[in-house]
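Quick one: the structure is below, questions incoming.
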Amino acid sequence: MSYQVLARKWRPKTFADVVGQEHIITALANGLKDNRLHHAYLFSGTRGVGKTSIARLFAKGLNCVHGVTATPCGECENCKAIEQGNFIDLIEIDAASRTKVEDTRELLDNVQYKPVVGRFKVYLIDEVHMLSRHSFNALLKTLEEPPEYVKFLLATTDPQKLPVTILSRCLQFHLKALDETQISQHLAHILTQENIPFEDPALVKLAKAAQGSIRDSLSLTDQAIAMGDRQVTNNVVSNMLGLLDDNYSVDILYALHQGNGELLMRTLQRVADAAGDWDKLLGECAEKLHQIALMQLLPQKSSDNNEHFSFLAKHISPENVQFFYQVIVSGRKDLSNAPNRRIGAEMTLLRALAFHPKFLTAVPKANTTITPPPSTPSAVENTGNYVDVPVLSQSIKSAYSQAKPNKTSIPNLASLSALDALEHLTQLENQERQEHKAESLAVVSETLHHIQELDEEKSHKKMTALPVREMTEPKPKHIEKPTLPSNAAQAPQKNSTEENSSDDNVEIAQDEQEILSADTYRWEWSNPELAKADTGVCPSDIKQAILKDITPELRLKIITQTQQQDQWADIVERSGLTGFSKELALNCFLQSKTDDEINLGLHSEKSHLRQDRSIKNLAEALSKLQGKDIRLTINLDDSNVTTPIEYRRNIYQALREKAQNELQKDSKLQILLNEFDAKLDVESIRPV
């Protein structure tokens, strides 16, 4: 027998087989059960959602030999003939190819004849909106008052094109497009029945590409089966649909979260090398931000999601998620106006990166512990008096700026791997702490002395204010600078512009903020040797270390401990299995074992792994390991027995908790946290 495509092979044979559309199935079933049958039904909806299939099922219920029923037997001659498409009293008409009024009149001439075999003569007109205006006019009278043995079933994808006179004569049922979850679950059921291995992410992509159509999803699945040699894998589906690797959008979100321009540009270059679609890339980023926002709002539903999303949902604030989403969605609209689509995508992501909190706080705010006297009066009082305002020299500004610790010169410990940051910064700190401390104390002491003398000079100047001026007079354009005290005059003098000021409240914090906010300001290492020592370590590279949960060394450690705890896990590792066969073995547990027979248990939720090819490969590997033929049996068993894959997860979680506890108790790390006012990101700690 020739191969039959999935869309035809799995066409629903009863109302219970229809996926979704419960609101329509219920209405039709109740009408058949109570014998309340209208003479004309209109089924509308997008392609591939079941309009024709439901119409045929309804015709089967009308003409079943056992009577009008919502549950036709499917075994009688009438049911089989309708299913095979050769029932003489079911007239199917394609309105797209028979649009002329002559075709409609020929059809209506046969309405007067009673059904030959069945109980009702059923006219199924597909794509009825394609009929001409004259054809609709010819159909009106018969559609309004047909013989009692005639039923009209109309199907259309565009009900808006139907005349209102036709709509008013029919019962209208609109079929909804199915969501991705319904489609992916239906595909999983079909592939399980067909004994075809599949990966869940692949089915999600197929369901998304189907855009609500069951028929489209089955056609795409047929294509994926052919491309994957009877295996539906994530890579095959991605290549078939021309989709980008999920890692691209995930890496971009990591880069935006970290404020890591290097990782962002490297990822965009990888997308360009793969000839990716830039609009799709931004769309995938927006979709993943939507998933992250949902996980933040409904964390109890995040257990089945990718671990990357769980990490990002915990570490990106909801405000930043919304901001990144808005920037990316707006940027997609600008792609058509960009010089080319790559530049448009890059500028969109760089715009999101430019507002990252890391860059907004890169210029440190003044944290002055020395506050000028609060009673300083305004330079121009409301009475019209004004006084000269002393201006700090550049040397004093520079000295005070150097005295303030520059926190931006130390990478944020919360964004680094705790172990790497501890080892790296401890060495630098031990070398520079004593020298820095002595130097900073000396500069602060000198600055305090200068500021105190300036305050005294300022207080003295208040007593010698200039004559009173009327409020109507314009304010002076310039304010003369008095001679600085002798201690301040001894410092190196630099050219200083005269400031236009209407206020005598010149505070150290304001002066420092002007310096730090200048366009030419960039933070630098206070000790050049410290900058040289840091050139070998890139903060973004250190951050990446914690994002990789399992290193090769850690994987080997987990596998070794699993072998020690479970006999079946040890057999699996020694057998040399790979691919689907190994995945099946790791999800099984040992029920019984003899010299020539092994019985395994498999939880029912993993039943899709029990494929003939995988079982055959597993049996061959076990026979080769034992040196003789082994009879292998795999039974579905939901007993509470730990499988090797669950052992691995438990061991990894235990190692992770141990690493977190050890770091939280580490005395050196506590010193670093206190010294730099840092916080330990416990969720980012990974075992090694």
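Every residue gets a Cβ built from N, Cα and C, even glycine.
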Out of CYS64, CYS170, which does Swiss-Prot tie to the same Zn(2+) site as CYS73, CYS76, CYS79?
CYS64
Using DSSP, would you call CYS79 (Zn(2+) binding site) helix, strand or coil?
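Where CYS79 (Zn(2+) binding site) sits, the three-state DSSP reduction gives helix.
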Given the binding-site residues CYS64, CYS73, CYS79, which one's Cα is the least distant from that of THR46 (ATP binding site)?
CYS79
Around LYS51 (ATP binding site), how many other CB atoms lie within 10 A of its CB?
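Other Cβ atoms found within 10 Å: 27.
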Other than GLY45, THR46, ARG47, GLY48, VAL49, GLY50, LYS51, THR52, which residues of the chain come within 8 Å of the ATP site, judged by Cβ distance to the Cβ centroid of those residues?
THR157, LEU175, SER213, ILE214, ARG215
Specify all same-chain residues, apart from the site residues CYS64, CYS73, CYS76, CYS79, whose Cβ lies within 8 angstroms of the center of the Cβ atoms of the Zn(2+) site, ordered by sequence.
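Apart from CYS64, CYS73, CYS76, CYS79, the close residues are LYS60, VAL65, HIS66, PRO72, GLY74, GLU75, GLU77, ASN78, LYS80.
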Please classify the secondary structure at VAL49 (ATP binding site) using three-state DSSP.
coil
Where the distance is taken from Cα to Cα, which of the binding-site residues CYS73, CYS76, CYS79 turns out closest to GLY48 (ATP binding site)?
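Nearest candidate: CYS79.
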Which is it, of GLY45, GLY48, GLY50: the one of these binding-site residues whose Cβ has the most other Cβ atoms within 10 Å?
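The largest 10 Å Cβ neighbour count belongs to GLY50.
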For a quick check of packing: other C-beta atoms within 10 Å of the C-beta of THR52 (ATP binding site), how many?
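For THR52 (ATP binding site), the count of other Cβ atoms within 10 Å is 17.
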